[in-house]
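*Asks:* Before I ask anything, let me first share the structure, which is written out below as structure tokens.
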């Protein structure tokens, strides 16, 4: 197929073609919607719903939009804009209820946080990329330092310097073009490219460095303009002050201010100025080439070193001649550092990408062409300067050998180099090009045009880069400077900031001091651009489809390494400073964690790494040395049982998997599920809990828990421990609920999961605080009031829901109720800690500190300080105490491992482990204790004491037995539900075990009543041998009136080993 006709669609021939649509032979007309559907779409029920209408005796067909809810593929459906069209959601097409709200994923996908400023002048590739790149490349070095580079490095190494610079720039341009053509590029230039490719940390860091480099480059070019202007004035006997440096500062400040005003006026004025400046520069370069070909016009020019093109001069100047110059012993890399800023204009088009009509096409085309032309021009000027001028010249005509008015020997004019008294020549004068030109004043105009045009381009790009950073809210300090003004959205505040930054470096008034500084900054930026392309091409996310094909992944990597190597070779100290600045800015953004999602390649790499790691982990055999408890926490919504989630986090913190299971008996719409997911994830992040939430809906507790147990996780990343709360209402709940709870334990054991049950005083369930209105992004409100009128916290408009999505920082005064932990009253009295006050505080007047503060929810539930403290029981710092472990039965070691993990956390570091174990033979007590101590030593578990329990078989006290009988009385009656009835036969059969549990209660009360946490082996509920109420009665007796209790039963595979 001919490529030219590749995208042309031929018309369909035939008589059955109407209105450009090929019609079949048979047309069936039928109603396309029911009356209900018509009403939903705003069509009257009695309106005609046929596919054809008769009007004025002719047929017309209804449009497709009237026949279907479906949306056709349109560009507007994919735009990241609030004004973009929105295709029908899946819920609308499927017929779900509650579909009026856009999916959160789609809202995040739309770039609402990075709005583009008001639309201004849009430029094509010539005006927007080609000319700005040429002007930026043809900068201060073109007329003021290129001849000096030739004098130091010689023609040969000068061409090498140009070649290395060209290679770096070409590779970077190819990399930049690949990124720019992988979708639409908005305003922000280099920052936008890198941030959307590698993420906000890299993009913002390089963006700040690049903006700073451009601001300093503007001052550097302004200094070049001032130097040239002052040389012209002084050559004519004019001066502003006695000090040339002050002249540079005065003229530079005025010039900088005028250029900022020109840029702030708008793109159209700046574009008109560029066209004028580019014409002057090209004319000055032609003037230099013509003058060099013509040769010296008089003997004074020969005496000043301009001898005309000759092979002898070319050969003499071909080799290098590095000397002490500019307060430094020059070498190849120091000269390279001075020259490199003259080729750093390749980003000029990308910097104003938001002002381009078609950035994806304009940036590659304009940049590469500008780079080609500028490198050719630099090469020609090096060849002409090196082939037509001497390195040293005295300027004295008397040093010339003149015969019959013709100079026959000019070698003597260079003898001044022996005593360093030469004032002219490539080494000593920056005005060589003016000397070699056909008309000298034109070179001054070209120099001014080159310097001012580059400064204009830099000054134009910096405010827009700052604006992009501010709009994205990466660095809060830049938000103030990003405000757009006028119909073109000009960042006037950014121009003011740019002016003062450039002015600060303008006051240095030394071009050669500034050039190496910005060379490192530009090289760092180019290195990141190349790394962006390499990383994206390496990861190859599905979204990586650049239309620019002339790039190579390994070439981009080579460009990255080359930039870093050149940075270190040019000035290693400044390179380290640049790296330090970059990583500081990187860490600031990383610490702030901006809420952005730009689909960067680091995210794609994260996904690929996680996937490959999960596959590799699945192929790796399990080993006891690598065991970690991976928890499935049946907490419902995490806000409802914060203490249970905190305990799970205490065990799995930053080391293993934790999944919070949420079971809902109602069938929830997608909208409600999404709102719950957002609310739960935000709550977990706010509480600094690393966990995943897994939700099932439309199931009762037992089948929902079974689904979570069997379906949670992937590969080896699957739960191996089920953590759940103790059912404190087991004596009053419906029989089905009690049986379901008990059956979940059997389900866990059937799937070979370990089980852990936690009980705390007052219970774990605070779901009454969390209302069911999660789809509105809010839960039951929690407010604090005081019994004293003076210390009131509740105010109108400050009722905050427990899991509200509202940003509390936007309310005044600031009450952080999002995690239900912290509340500060008007007297700065913090309730979150709930610690005991010392004696001095207790002695204060009751009116001062002993007010009773009560927390009220929307449902009227009151929470005391004690209840609030219980909600944060496993989160707050524990005072000195003990962590008692009753390791009664060998379950593989999990019962001893979990408390050891807890004791290693900083919040529980003050709690010492006390181990309680059962003795098998009373007459061998000492031997049993020695064996247990030896086992613990081999496991390398530190403990403060070891107690062997020897009277476990003693009968319980009568009052203990009476308490047990009272507990199970309801379930032994004839009227009890058959599923929850404890028969006399069961009591008799399990009498020995029951007495053992009752005896354990007495031992626990005697030894562990003051412990911070008690961890105990969970009795094994043998399937078919024990009923749910009797088993719960065992747990009730062993945990009532005791500190927080954690029952643990491992899956009887070893989780500890004493082998290395």
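Using N, Cα and C of the backbone, Cβ positions are placed for all residues, glycine too.
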*Asks:* So which range, 563-583, 584-604, 605-625, 668-688, gets flagged transmembrane segment in Swiss-Prot?
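*Replies:* Result: 563-583 is the stretch Swiss-Prot calls transmembrane segment.
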*Asks:* For the transmembrane segment entry in Swiss-Prot, name the matching range from 276-296, 297-317, 402-422, 465-485.
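*Replies:* The range carrying the transmembrane segment annotation in Swiss-Prot is 276-296.
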*Asks:* Please identify the range among 99-119, 225-245, 498-518, 519-539 that Swiss-Prot labels transmembrane segment.
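*Replies:* Checking Swiss-Prot against the ranges 99-119, 225-245, 498-518, 519-539, the transmembrane segment one is 498-518.
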*Asks:* Candidates are 8, 396; I want to know which one Swiss-Prot annotates as N-linked glycosylation site.
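*Replies:* The residue tagged N-linked glycosylation site by Swiss-Prot is 396.
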*Asks:* By the record in Swiss-Prot, which of 351, 816 is the one labelled N-linked glycosylation site?
*Replies:* 816
*Asks:* Please report the number of other Cβ atoms within 10 Å of the Cβ of residue 419 (N-linked glycosylation site).
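*Replies:* The answer is 7 other Cβ atoms.
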*Asks:* Same chain, outside the transmembrane segment (276-296) by at least 6, Cβ under 8 Å from its Cβ: which residues?
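*Replies:* Same-chain residues near the transmembrane segment (276-296) but 6 or more away: 131, 134-135, 138, 142-143, 302, 306-309, 377, 380-381, 384-385, 388, 433, 436-439, 442-443, 445-450, 452-453, 456.
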*Asks:* With an 8 Å cut-off on Cβ-Cβ distance and a minimum sequence separation of at least 6, pull the same-chain contacts of residue 396 (N-linked glycosylation site), or say none.
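*Replies:* Residue 396 (N-linked glycosylation site) has long-range Cβ partners 303, 413.
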*Asks:* Kindly say whether the transmembrane segment (332-352) and the transmembrane segment (432-452) touch, using the definition of 3 or more Cβ pairs under 8 Å where each pair is 6 or more positions apart.
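*Replies:* Between the transmembrane segment (432-452) and the transmembrane segment (332-352), which are separate recorded stretches, there is no contact, as judged by 3 or more close Cβ pairs.
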*Asks:* Top stretch among 198-218, 563-583, 643-663, 882-902 for CB pairs under 8 A with the transmembrane segment (154-174)?
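*Replies:* If we count Cβ pairs closer than 8 Å to the transmembrane segment (154-174), 563-583 scores highest.
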*Asks:* The transmembrane segment (563-583): which same-chain residues, six or more beyond its ends, come within Cβ distance under 8 Å?
*Replies:* 164, 168, 172, 205-206, 209, 333-334, 336-337, 340, 516-517, 519-521, 523-524, 526-527, 530
*Asks:* Near the topological domain 'Cytoplasmic' (353-367), which same-chain residues lie under 8 Å Cβ to Cβ, leaving out any that are not at least 6 residues past its ends?
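*Replies:* Sequence-distant neighbours of the topological domain 'Cytoplasmic' (353-367): 116-117, 120-126, 128-130, 133, 173, 176-177, 180-181, 183-189, 192, 267, 346, 464, 468, 547-548.
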*Asks:* Decide whether the stretches the transmembrane segment (368-388) and the transmembrane segment (123-143) have at least 3 CB pairs under 8 angstroms, with pairs required to be 6 or more apart in sequence.
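*Replies:* Output yes: the transmembrane segment (368-388) sits against the transmembrane segment (123-143).
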*Asks:* Counting Cβ pairs under 8 Å to the transmembrane segment (432-452), which of 123-143, 198-218, 498-518 comes out on top?
*Replies:* 123-143
*Asks:* DSSP secondary structure for residue 396 (N-linked glycosylation site), reduced to helix/strand/coil, please.
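*Replies:* Note: residue 396 (N-linked glycosylation site) is coil by DSSP, not helix or strand.
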*Asks:* Within the topological domain 'Cytoplasmic' (353-367), count helix residues (DSSP H, G, I), strand residues (E, B) and coil residues, in that order.
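*Replies:* In the topological domain 'Cytoplasmic' (353-367), the DSSP-based counts are 12 helix, 1 strand, 2 coil.
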*Asks:* In the three-state scheme derived from DSSP, which category covers residue 419 (N-linked glycosylation site)?
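*Replies:* SS state of residue 419 (N-linked glycosylation site) = helix.
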